[in-house]
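Asks: If you scroll down you'll find the structure; I have some questions about it.
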2 protein chains.
Amino acid sequence: MEQLHINTSSKQYSVWIGDDIRYKVSEYIPTPLQQKVSSVLIITDDQVAPLYLQDVKNGLSNRFEVFEYIVPAGEQSKSFQQYYDIQTYALEQGLDRHSLVIALGGGVIGDLAGFVAATYMRGVPFIQVPTTLLAHDSSVGGKVGINHPLGKNMIGAFHQPEAVVYDPTVFKSLPLHEWRSGFAEAIKHSLIWDAQLYSWLQDHIDDFSNIKGELAEQLLLRSIAVKAAVVSEDEKENGIRAILNFGHTLGHAIEKELGYGKMTHGEAVAVGMIFAMRLSEQYYDISLPIDEVKAWLTKLGYETDIPVELDPNQLVHTMKKDKKAQKGVIRMVLMKELGRVEVVSVDEEPIKELLLKSIKGE
Amino acid sequence: MEQLHINTSSKQYSVWIGDDIRYKVSEYIPTPLQQKVSSVLIITDDQVAPLYLQDVKNGLSNRFEVFEYIVPAGEQSKSFQQYYDIQTYALEQGLDRHSLVIALGGGVIGDLAGFVAATYMRGVPFIQVPTTLLAHDSSVGGKVGINHPLGKNMIGAFHQPEAVVYDPTVFKSLPLHEWRSGFAEAIKHSLIWDAQLYSWLQDHIDDFSNIKGELAEQLLLRSIAVKAAVVSEDEKENGIRAILNFGHTLGHAIEKELGYGKMTHGEAVAVGMIFAMRLSEQYYDISLPIDEVKAWLTKLGYETDIPVELDPNQLVHTMKKDKKAQKGVIRMVLMKELGRVEVVSVDEEPIKELLLKSIKGE
């Protein structure tokens, strides 16, 4: 059982990591909040519900009135309609400003439920109960939101949870591509911030089947610690937080151009990270351990080249429309050395050239 | 020209009050923000647009690319559809995280545009340019939001503006009931917080036609100062901020039961304040200057009795569903003496009895 304190300018809260703690979520509600909670709304999806909803409910219904709302699994549930429907349900059930929202699921549920919580009656508390490895990244930091047909995560807020209750035993139900999606963010945290973590990950993880118990707890703890350190310095993404975007500028563009769901988020980010490292070598005229990272990623089952069916011009076009772009100029996180990165504005041409090379497998 | 500093835990900003400052809004954008702004979106309504949109635009378009979005005037524009449509427009026009939203209008526009700003790409800066007296209340404090068919202001956020640019010369276009709606909040501020302000208002204002120039500036300054003092202590309405609800528990219920638009917000609050004072006399067994306040309100054209067509049971039912109610218990702001109030839980029965009396004109 591990506990990690998160400090942001707007809130302090704990991430709890431990086997089987999903059965007793009510114990991790901070004491002052426990006394105020009038009712609980668990928001989850139809893949998670049959597996874990009852476990979580049992640990809450002895103390609170518990409501549940189940959305279809998948990115398409981060929609205005779903957002509106949950608000309607909450109003119909008489939930008030002291109701507590529990986000039980992966990143989609965390984002959707978190945005409901951020805006229901101008904000109610919520707790993240992640069920995927990928959610170790999204559940900390307070970014919540939904998609607009014109772009992912375009509507949202910063709303920190009251606690994150992380039970790694649920990972046993994760398919391989979900392991890869989540683990890519752990690798990212090591690459941008913590060279020691990079070595530790390389030493301990070359196969997803052995990640459980102590190893799973340590993986979560150390990876989340990086996220927490960055977010503590910059809650609202005005500065350093942008480095978390390493591998994401291209990764997002790949996801979009392939069509969402063809490649998982983390798998696309893995491709993006290799690309960012290659661009960094050019940009700074340095040498980085790209082959080593590629070999490790490949062993873990990741693709590391850009899918051949994608068009460099179209990818660049999409990268220029990224939320982090400024007046159409592409902003990328580049690596100066392992564990140290910075955000820079990059010209289109070198990006296009390198994209073309990478697509050709050069 | 007056300047008032507002300090909340999340932001510091200024309220600027002065004749004709709507022509030069760009001068009141805080300097660090000015350098970052990529474009400006003015959100206004179709009653305000013909009167003042061009004035505001002229003062911005020399420095920024300016977009505009005009919604139909009135409460029905605080809808999900309108909220979504503005987000769509902003995305189509390529507005980014450094775009600035200007809310040009009354409370409806401030709430709607503020909620768009609070959630567009997880939050962009916005500036309030109020065009009504009532907005002196809503434009300070950061409460933004939209309505749900099941309740007003049910979906929203706390999002503080970067500045409030208040030009009282626009009041000349206000109809009488809008004067009353806004002035009720000024009276409220005096009653809950500042007995000297109460005397000053009584001494200087018994007719809306003379409120301009120095008098208008002082009125805004002193009334907003109360709001600012309360909000500074309690940005997120966890405690003392709830006293701003004086007159509102019943006021909201009257608006809802009559049907929105039959009586202005402030006019309903005026009735609610007299009722709250009467209930306070009973509750604390004290004597308050109710007749004096009533006489003044009547002179200014307000109704002070509850509309005869309303049913006390239905009003109580609605009061119990108020956002501030806790588990169905009515919370009201009661007055201990002029300028001093507190929030208390009140039983239904005395409320019903007094409602019945008031409706009968007793």
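Each residue, glycine too, has its Cβ placed from N, Cα and C.
Automatic, uncurated: that is what TrEMBL annotation is.
According to TrEMBL:
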DOMAIN    A:69-180  domain '3-dehydroquinate synthase N-terminal'
BINDING   A:Gly107, A:Val108, A:Ile109, A:Gly110, A:Asp111, A:Thr131, A:Thr132, A:Lys143, A:Lys152  NAD(+) binding site
DOMAIN    A:182-325  domain '3-dehydroquinate synthase C-terminal'
BINDING   A:Glu185, A:His248, A:His265  Zn(2+) binding site
Asks: If I take the alpha carbons of A:Gly107 (NAD(+) binding site) and A:Glu185 (Zn(2+) binding site), what is the distance between them in whole Å?
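Replies: If we compare the Cα positions of A:Gly107 (NAD(+) binding site) and A:Glu185 (Zn(2+) binding site), the gap is 12 Å.
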Asks: Identify all same-chain residues not among A:Glu185, A:His248, A:His265 whose C-beta atom falls within 8 angstroms of the centroid of the Zn(2+) site's C-beta atoms; report them in sequence order.
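Replies: Going along the sequence, the neighbours come out as A:Leu134, A:Asp137, A:Ser181, A:Ala184, A:Lys188, A:Gly247, A:Gly251, A:Gly266, A:Ala268, A:Val269.
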Asks: State the three-class DSSP label for A:Lys152 (NAD(+) binding site), counting H, G and I as helix, E and B as strand, and everything else as coil.
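Replies: Looking at the DSSP assignment, A:Lys152 (NAD(+) binding site) belongs to a strand.
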Asks: So among the binding-site residues A:Gly107, A:Glu185, A:His248, A:His265, who's got the most Cβ atoms within 10 Å?
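Replies: Max Cβ neighbours within 10 Å, all protein chains included: A:Glu185.
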Asks: Given the binding-site residues A:Ile109, A:Asp111, A:Thr132, A:Lys152, state which is nearest to A:Glu185 (Zn(2+) binding site) when distance is taken between Cα atoms.
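Replies: Nearest in space to A:Glu185 (Zn(2+) binding site), counting only the binding-site residues, is A:Thr132.
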Asks: Expressed to the nearest Å, what is the distance separating A:His265 (Zn(2+) binding site) and A:Ile109 (NAD(+) binding site) at their Cα atoms?
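Replies: If we compare the Cα positions of A:His265 (Zn(2+) binding site) and A:Ile109 (NAD(+) binding site), the gap is 15 Å.
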Asks: What are the sequence-distant neighbours of A:Asp111 (NAD(+) binding site), meaning same chain, six or more residues apart, C-beta distance under 8 angstroms?
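Replies: Expected: A:Lys78, A:Ser138, A:Lys143, A:Val144, A:Gly145, A:Ile146, A:Asn153, A:Gly156.
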Asks: What whole-number Å value do you get for the CA-CA distance of A:Ile109 (NAD(+) binding site) and A:His248 (Zn(2+) binding site)?
Replies: 20
Asks: Please report the DSSP secondary structure of A:Ile109 (NAD(+) binding site), reduced to three states.
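Replies: Looking at the DSSP assignment, A:Ile109 (NAD(+) binding site) belongs to a helix.
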Asks: Of the residues in the domain '3-dehydroquinate synthase C-terminal' (A:182-325), how many are helix, strand and coil by DSSP?
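Replies: Across the domain '3-dehydroquinate synthase C-terminal' (A:182-325), the residues distribute as 102 helix, 0 strand, 42 coil.
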Asks: Could you measure between A:Lys152 (NAD(+) binding site) and A:His248 (Zn(2+) binding site) for me? Cα positions, answer in whole angstrom.
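Replies: With the alpha carbons as reference points, the distance is 13 Å.
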Asks: Rounded to the nearest angstrom, how far is the Cα of A:Thr132 (NAD(+) binding site) from the Cα of A:His248 (Zn(2+) binding site)?
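Replies: Checking the Cα atoms of A:His248 (Zn(2+) binding site) and A:Thr132 (NAD(+) binding site) gives a distance of 19 Å.
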Asks: Counting across all protein chains present, how many other Cβ atoms fall within 10 Å of the Cβ of A:Lys152 (NAD(+) binding site)?
Replies: 17
Asks: Return the count of C-beta atoms lying within 10 angstroms of the C-beta of A:Thr132 (NAD(+) binding site), excluding that atom itself.
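Replies: Taking every protein chain into account, the count is 24.
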